[in-house]
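Colleague: Per TrEMBL, the features are:
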DOMAIN    8-316  domain 'Phosphofructokinase'
BINDING   16, 79, 80, 119, 120, 121, 122  ATP binding site
BINDING   120  Mg(2+) binding site
SITE      121  site 'Important for substrate specificity'
BINDING   142, 143, 144, 179, 186, 187, 188, 239, 284, 290, 291, 292, 293  substrate binding site
ACT_SITE  144  active site, proton acceptor
Ligand code: F6P
């Protein structure tokens, strides 16, 4: 039993999926049932399920065997903001605040607390539900690692491992053909995946949104390597990277998404631009894309997600509603959702990690 009488918890996963979601779902469910004898359900497709009252019971059986799996057994949506939701009225699509329907649905099912697992967009709605008096706990998810209140989001490490594996593979083929290989990685407007995969994957050039690049510096780096007898080069380019004085490359605009701009395309653009300046090497670009979000959850993320899930339930027992569970240093902590939203964590261009990369000769195009 919980000391505050909480008897039933609902979970939902929102925004882009990432490895570790299932591990959090499992940890919340197991802790709630085994430690506190609390019932758990999961709304399907994020907030959409909350609106449609579409849910599944989460039991020891339904969460069995899912810890290692990427994706989410609850499905996800990155479009459904119930405070600005598209509904059809008299055959016409209109935007409406339908959050009261969600609150009613929770009442109908006797839900005491809603645990929201998501990134900035999903947690913004969590904050808005908290403002309406709903008891909410947030759990920080995103491969981009760009939430300021927590040291690390779950999903980041798994994505990083995929990017490093890709770089290891590109190395052997680049060396065989004396090619310049570009790898475009995700991360939106934060360069964490690019920076850390580039260091771990022994890249020669890392281009991130926080450090606009001069293409001539990249050419200089390739030439410098040639002089050392290294006839191939590896370039990691984050999808949000841009040239000095230039713009990001937008792949598409997703209507109805809280963050409608989808980046992508800088890798191929840069490959083309470099081909105009470098004639003695072939240049190839690999866009890693959603491979970074799929597959198995890394060991690090399984542990982090488990800790987040367990802590979320402890926060419920301790009445810490309206907060998001965080990792601060090596410890679990929490931060109010009001302070979490919009606080983006980007790479410090003069920070220790960038300096370390520069010290070992990695070029950032600056
Ligand atoms: O936020 C996670 C992320 O994978 C970003 O790195 C990327 O820019 C975006 O989502 C891709 O979104 P979508 O799944 O809509 O293609």
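Note: Cβ is positioned from N, Cα and C throughout, glycine not excepted.
TrEMBL labels come from automatic prediction, so no person has curated them.
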Colleague: Near the ATP site, what residues other than 16, 79, 80, 119, 120, 121, 122 in the same chain have a C-beta no further than 8 Å from the centroid of the listed C-beta atoms?
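Modeller: Close Cβ neighbours, site residues excluded: 14, 15, 46, 77, 78, 118, 257, 258, 259.
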Colleague: Out of 79, 80, 121, 122, 284, 291, which binding-site residues lie by ligand 1, with a C-beta less than 6 Å from some atom of it?
Modeller: none
Colleague: State the Cα to Cα distance, in Å, between residue 284 (substrate binding site) and residue 16 (ATP binding site), rounded to an integer.
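Modeller: Distance between the two Cα atoms comes out at 28 Å.
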Colleague: Tally every other Cβ atom lying within 10 Å of the Cβ atom of residue 119 (ATP binding site).
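Modeller: Taking every protein chain into account, the count is 25.
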Colleague: At a 10 Å cut-off from the C-beta of residue 186 (substrate binding site), count the other C-beta atoms across all protein chains.
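Modeller: Step by step: centre on the Cβ of residue 186 (substrate binding site), count other Cβ atoms within 10 Å, giving 27.
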Colleague: State, in Å as a whole number, the widest CA to CA span among the ATP-binding residues 16, 79, 80, 119, 120, 121, 122 given in the record.
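Modeller: Largest pairwise Cα separation, rounded: 14 Å.
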Colleague: Near residue 16 (ATP binding site), which binding-site residues out of 142, 186, 188, 291 have their CA within 10 Å?
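Modeller: So far as Cα distances go, the binding-site residues lying within 10 Å of residue 16 (ATP binding site) are 142.
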Colleague: Same chain only, sequence gap of 6 or more: which residues have a CB within under 8 Å of the CB of residue 293 (substrate binding site)?
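Modeller: In sequence order, the residues whose Cβ lies under 8 Å from that of residue 293 (substrate binding site) (at least 6 apart) are 16, 17, 18, 19, 70, 143, 155, 159, 186.
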Colleague: Reported as an integer number of Å, what is the Cα distance between residue 121 (ATP binding site) and residue 142 (substrate binding site)?
Modeller: 11
Colleague: Taking just the CA atoms, what is the gap between residue 144 (substrate binding site) and residue 119 (ATP binding site) in Å?
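Modeller: Spelling it out, the Cα of residue 144 (substrate binding site) and the Cα of residue 119 (ATP binding site) are 9 Å apart.
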Colleague: Anything within 10 Å of residue 120 (ATP binding site)? Look among the binding-site residues 142, 188, 291, comparing CA atoms, and list what you find.
Modeller: 142
Colleague: Would you measure the largest Cα separation among 142, 143, 144, 179, 186, 187, 188, 239, 284, 290, 291, 292, 293 for the substrate site and round it to whole Å?
Modeller: 33
Colleague: Tell me the Cα distance separating residue 142 (substrate binding site) from residue 122 (ATP binding site), rounded to the nearest angstrom.
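Modeller: With the alpha carbons as reference points, the distance is 11 Å.
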